Amino acid sequence: GRMWVYTVGFTVLPHVGGFLGWFLNRKGIPAWYEKLKKPSWCPPRRVFPLAWTVLYTGMGYASYLVWNDLGGCSSKAIVPLGLYGAQLALNWAWPPFFFGAQNLNVALIDILCLDGLAIGTLCSWYRINKVAALLLVPYLGWLAMATCLTIHVWRDNPELKTGKSE
């Protein structure tokens, strides 16, 4: 009867860090971000909150499915949920690196490591729950775009690579 609490908790968890990252960096985003040289295919700023809401919900629910299939926090869950937790931490760290510190070098390293962990998460989840793995596919697609965007911004704004100059 209380499984809905776990379902909601796992589904909401990714939104916590995403919201905090936005909240802490929201003032600096418009002015600084608008000045960056970005590729023509960069999505409009208003698309990002909608995309992340959908992606965080999917990955959060998927993590619940994996947790449930592995019988909770069992020894079998260490690797698949550990990979998930590590990639989620790097996901949450990217906005403070990019928008907060405005450090394109660190943001690029972060997202490249995030890509590897997210792919590892999907691969480990595929053996456990195929629906959970499939729920990560849109996230990996968006991460691929975000990685390309980060690389372009890093490459095309060389004066900003090491962060705020104060």
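Think of each number as a place in line: the chain as shown, counted from 1.
The backbone N, Cα and C atoms fix where each Cβ goes, glycine too.
What you see is a predicted model, and the numbers here were worked out from it, not measured in a lab.
As written in TrEMBL, here are the features:
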- 6-25: transmembrane segment (TRANSMEM)
- 46-65: transmembrane segment (TRANSMEM)
- 77-94: transmembrane segment (TRANSMEM)
- 106-128: transmembrane segment (TRANSMEM)
- 134-154: transmembrane segment (TRANSMEM)
Which residues of the chain, 6 or more past the ends of the transmembrane segment (46-65), have a CB below 8 A from one of its CBs?
6-7, 9-15, 18, 22, 81, 84, 88, 125, 129, 131-133, 135-136, 138-139, 142
Hey, which bits of the same chain come close to the transmembrane segment (134-154), Cβ under 8 Å, at least six residues off its ends?
36-39, 42-43, 51, 54-55, 58-59, 61-62, 65, 98, 104-105, 107-108, 111-112, 114-115, 118-119, 121-122, 125, 161
